[in-house]
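Trainee: Please find one structure pasted underneath; my questions will follow.
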């Protein structure tokens with residue numbers, strides 16, 4: 001068969017079945033172009049593929065390629081200085097008065113050119129790709145003015161031109177109220193955020209719409225206005241909600257059929273029931289939990305009880321989660337949030353794809369995209385168990401296999 005090859009002699013974690021990794025021992029995968037044609041036990045490989053080129057993976061583990069479904073990797077500047085200040089005892093208010101906090105990132109991002117935003121994001125993207133990532137979600141939200149928000153989304157789109165990766169863009173104009181609109185959140189939404197969303201959509205820059213529903217950001221009623229425009233434009237929504245307190249954002253997101261509700265440390269059982277009914281994914285972000293030394297753990301037991309899918313992501317951002325490792329995120333999800341290793345792996349594959357509304361990836365099955373990761377480990381749990389070690393042997397992106405050097 002033309003342009004078809006076979007990966008064989010692998011232990012496959014197909015992620016097709018919950019609770020067992022969907023394991024296939026001594027497995028094989030037939031790939032044509034960017035599509036998986038067949039997968040299963042090597043002994044059952046159809047004769048159709050007998051003459052195709054084959055690569056023996058010698059017992060290595062193959063999983064779906066990783067998906068980072070919540071990042072802020074496009075931004076200007078850094079916040080290492082305020083990290084030191086916080087460790088020396090400075091309060092949030094003191095950091096802000098010294099020019100730190102999100103204001104410093106907004107200032108640096110507004111000052112950066114489009115090329116500079118792309119150049120700054122590439123090393124962060126490269127770190128993710130080096131750990132088997134094939135798909136990355138990238139948010140705006142550090143411009144908070146029309147041109148910078150648009151430039152952030154343009155930069156995100158350009159990343160896929162520089163690297164072999166799929167990028168999904170999210171408009172996050174309702175991330176914070178900029179200094180020039182202090183105390184006038186509604187005016188900011190009406191005069192800047194919503195017109196910018198319309199402009200970004202008209203330019204083809206937006207795959208989804210997000211917001212930050214929190215006491216320090218926007219109320220549920222204000223986020224509802226953003227979601228109204230998203231619905232008018234035919235865009236799916238997601239929401240940062242219940243991270244620092246309970247504000248009712250999860251209920252709103254579920255009512256609007258959100259793809260995901262993210263952070264959710266303060267979500268309740270009622271929220272879990274609402275998410276289960278709407279099919280929304282709970283995106284857990286242990287990097288931010290760790291960095292800001294949070295103590296309120298997401299209600300994982302309630303999510304399990306009600307069948308809410310759970311994803312994991314880096315939440316890579318300069319302030320609360322300067323994290324560019326999904327492997328470390330797996331470990332954090334298990335040690336901090338008590339996910340099982342299987343739940344963690346599902347969280348960066350099957351459920352991460354669901355959180356982005358992508359049905360063509362995140363599992364190993366015929367008809368799906370051939371985005372795979374090949375690991376020098378024998379047990380899937382090792383991916384979450386080991387710390388500071390990258391066992392990636394090769395990444396298969398759209399059917400093209402690149403062995404890590």
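The backbone N, Cα and C atoms fix where each Cβ goes, and this holds for glycine too.
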Trainee: According to Swiss-Prot, 70, 72, 315 bind Zn(2+); identify which of 240, 246, 306 is listed for that same site.
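Mentor: Within the candidate list, Swiss-Prot flags 240.
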Trainee: If Swiss-Prot says 317, 319 bind N-formimidoyl-L-glutamate, which of 21, 49, 142 does it name for the same site?
Mentor: 142
Trainee: Looking at Swiss-Prot, which one out of 162, 175 binds 4-imidazolone-5-propanoate in the same site as 79, 142, 243, 320?
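Mentor: So, going by the record in Swiss-Prot, that would be 175.
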Trainee: Among all the protein chains here, how many other CB atoms are within 10 A of the CB of residue 142 (4-imidazolone-5-propanoate binding site)?
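Mentor: The Cβ of residue 142 (4-imidazolone-5-propanoate binding site) has 28 Cβ neighbours within 10 Å.
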Trainee: Who sits close to residue 175 (4-imidazolone-5-propanoate binding site): which same-chain residues at least 6 apart have their Cβ under 8 Å from its Cβ?
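Mentor: Residues satisfying the criterion: 102, 139, 140, 141, 142, 144, 210, 211, 212, 217.
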Trainee: Which of the binding-site residues 70, 72, 240 has its Cα closest in space to the Cα of residue 320 (4-imidazolone-5-propanoate binding site)?
Mentor: 72
Trainee: Name them in sequence order: residues not among 70, 72, 240, 315 whose Cβ is within 8 Å of the mean position of the Cβ atoms defining the Fe(3+) site.
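Mentor: Going along the sequence, the neighbours come out as 71, 139, 262, 263, 283, 285, 288, 313, 316, 317, 321.
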Trainee: Among the binding-site residues 243, 317, 320, which residue has the fewest other Cβ atoms within 10 Å of its own Cβ?
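Mentor: Relative to the other binding-site residues in 243, 317, 320, 320 has the fewest Cβ atoms within 10 Å.
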Trainee: Count the Cβ atoms, other than its own, that fall within 10 Å of the Cβ of residue 72 (Fe(3+) binding site), considering every protein chain shown.
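Mentor: Excluding its own Cβ, residue 72 (Fe(3+) binding site) sees 26 Cβ atoms within 10 Å.
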Trainee: Nearest of the binding-site residues to residue 70 (Fe(3+) binding site) by CA-CA distance, picking from 79, 243, 317, 319?
Mentor: 317
